Amino acid sequence: MDVLLETAQAETEAPALPRIGDPAPPFEAKTTQGMLKLSDLAGKWVVLFSHPADFTPVCTTEFVAFARRAEEFARRNVQLVGLSIDSVYSHLAWLRNIEERFGVKVPFPIIADLDMTVARRYGMIHPKEGTTSTVRALFIIDDRQVVRAILYYPMSTGRNIDEVLRIIDSLQTVDREKVATPADWHPGEPVILPPPQTQADLQARLERVEQAGYECKDWYLCLRKA
Ligand code: BEZ
C-alpha cells in the first residue's frame, strides 16, 4: 500500500491519545494491590508507567530502581503505578522474585492490563514494537489529573529515575513559583522568569534588574535565585 495512504489510514484508525495538558484518561483497573481508580488518586501526583513484560531483565532493573526510590516519590506527593499486559498472578510472582533476588519490596501497585484497556487509552502499545506488549511509556499526571509530561523509551533502554524526579521537581516548582526551569536544572538552582509579554513589562523588568537581583542574559532570558 502507498505509504501516504497507509499513514492516513493509521491516523484515522488510531484512538485519540492523551497529550500534555489533556485530562488524564480515567481508568478502573485490577492491580497487585486490588482495584484502582485513577479518580481515587486526585490530590496526588501520579507516575503511571508501562513496561513490556514481567520477568524480563531491563524491566526488573527498572522495578528495583523505582522501588528503591519510592520514598523520594512519596515525599513529592507522587503515587507510582506500574502497568503491563500480564496477569496479576504473573505480577505477584515477579514481585516475590524481585524481593528474593534483590531484597527489595515493590511498594506501589502494578496494573494487570490483560484486556489492554488502559494501555490502549494511553497509547502504550506501539504496534511495530509488539501488538500484545506495552513499550516503556511514562505519564506524569498532576494532582488535578492533568497530563503534564509524557516519556517514551525503547524496549532496550531502562529509564532514568533521576530524570523522572527532576521533571516532577521542575513541574511542582513551576506551579508554585510561576517560573520555568533551564536545561539540566536541579532544585536549588536559579529559575527562569517568564518572558515579558508587553513593552511596558519589558521596560519594568529592565528597570528592576539590579534591585531584584535578576541575572539577565538579555531582556527575554532572566534568571533569579530559587
Ligand atoms: C527487558 O525488559 O529486558 C526487555 C523487555 C522486552 C524487550 C526487550 C527487553
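Just so you know, glycine gets a Cβ as well, placed from its N, Cα and C.
A disulfide bond in TrEMBL ties Cys216 to one cysteine from Cys59, Cys222, and that cysteine is Cys222.
Between the recorded positions Cys59, Cys216, Cys59 has the most other Cβ atoms inside 10 Å of its own Cβ, all protein chains included. Listed in sequence order, the recorded positions among Arg136, Cys216, Cys222 whose CB lies under 6 angstroms from an atom of ligand 1 come out as none at all. Using a 10 Å Cα-Cα cut-off around Arg136 (substrate binding site), the recorded positions Cys59, Cys216, Cys222 reduce to Cys59.
Distance noted between the C-alpha atoms of Cys222 (disulfide bond) and Cys59 (active site, cysteine sulfenic acid (-SOH) intermediate) is 41 Å.
The two recorded residues, Cys59 (active site, cysteine sulfenic acid (-SOH) intermediate) and Cys216 (disulfide bond), have Cα atoms 44 Å apart.
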